[in-house]
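Peer 1: So that we are looking at the same thing, I have put the structure below in structure tokens.
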Amino acid sequence: MSPSAVPAVRDRLRIAIQKSGRLGEPARALLASCGLAWRESRDRLFCYGETLPIDLLLVRDDDIPGLIADGTCDLGIVGRNVLLEQAGERARTGAAATYREWRALGFGGCRLAIAVPDEWRWDAAGDLAGKRIATSYPALLSQWLAAQGIDAEVVTLSGSVEIAPRLGKADAICDLVSSGATLAANHLKATETLLQSEAVLAGPIAPFGDVRAELAALLLRRLDAVLGLKDSKLLMFQADSIDVPALMQLLPDAERPTVLRVDGSDRVALQALCRGAMTWQRLEDLKRAGADALLVLPVERMLA
Ligand SMILES: Nc1ncnc2c1ncn2[C@@H]1O[C@H](COP(=O)(O)OP(=O)(O)OP(=O)(O)O)[C@@H](O)[C@H]1O
Ligand SMILES: O=P(O)(O)OC[C@H]1O[C@H](OP(=O)(O)OP(=O)(O)O)[C@H](O)[C@@H]1O
Ligand SMILES: [Mg+2]
């Protein structure tokens, strides 16, 4: 199949996820929370969808954009850093864009950043002019350097980038940073951020022309519901009705609160979906403002 070929007609949706590594388990857990369940092949490379015709292909993350581009897979879960790097590389070689980010998924967060030796005095991005920068993200780095008008040499390495300055292979690096521990261990400090990354659902730019369109729409509806519920809690409490306005002031994130009068009294029972973190501090503030019998419940599913 040619790289930009239209995917063959299929009656099942196929999603590529990382076989192991950082994103494999959270990707499966997210899809499982959308109601998907699978039977795994003996070689653990393929999972056959049992609850819905949605299968998984378990691969190296670097292969995911290409698998979507050539139509082998319909969707993929991959870091934005990998997706954009490969899109940048395709653009550089004149290949048409065939895939894009469909949804940000809220895990696998990290940033792609320039880092320089601790002892460098860093003033501005222009300090990189004439320097050698080691990276596994040459397309993203080259794009950024061009946008900044900086002429620097890009040294492409496939891994262990942080060690390049100590080996004399580069003056600075451009790599993923999360906690910063790897940089610190290598006596480097982060300066400019090129990209904020997280795991994303990637899919084709062109719509599916068969039953996969409905399967993808169903998956997106469920994904949006699951992602929208992240950190949400159902809050319940009782209070004197006179205290309700003050209590609602403390709950700006409460959605669609339901207030029920407790029979034969001035008391009400209130329940609301709260999107913000329901910390002990917030509960204590509510209690002081007149709430009692406070209950915080996890929300498993919501269909608006
Ligand atoms: N330190 C980190 N903290 C959080 N997320 C990260 C971190 N490093 C990488 N990631 C994100 O997780 C993705 C996968 O990282 P991982 O280290 O599992 O990749 P890999 O070693 O290339 O895996 P594979 O074996 O599939 O090729 C990265 O592309 C990035 O989006
Ligand atoms: O800021 P930190 O929390 O230290 O994370 C950053 C490190 O994490 C990733 O490497 P990984 O641990 O996956 O090893 P790898 O380079 O061998 O893939 C990335 O390439 C950085 O080296
Ligand atoms: Mg990889």
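Every residue gets a Cβ built from N, Cα and C, even glycine.
Got these off TrEMBL a minute ago, pasting:
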type   : residues : note
DOMAIN : 60-202   : domain 'ATP phosphoribosyltransferase catalytic'
DOMAIN : 231-300  : domain 'Histidine biosynthesis HisG C-terminal'
Peer 1: For the domain 'Histidine biosynthesis HisG C-terminal' (231-300), what is the mean per-residue pLDDT, to the nearest integer?
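Peer 2: Reported value for the domain 'Histidine biosynthesis HisG C-terminal' (231-300) is a mean pLDDT of 93.
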Peer 1: So how many of the residues in the domain 'ATP phosphoribosyltransferase catalytic' (60-202) end up helix, strand or coil by DSSP?
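Peer 2: Helix/strand/coil tally for the domain 'ATP phosphoribosyltransferase catalytic' (60-202): 49 helix, 47 strand, 47 coil.
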Peer 1: Please work out the helix, strand and coil residue numbers for the domain 'Histidine biosynthesis HisG C-terminal' (231-300) from the DSSP assignment.
Peer 2: 18 helix, 31 strand, 21 coil
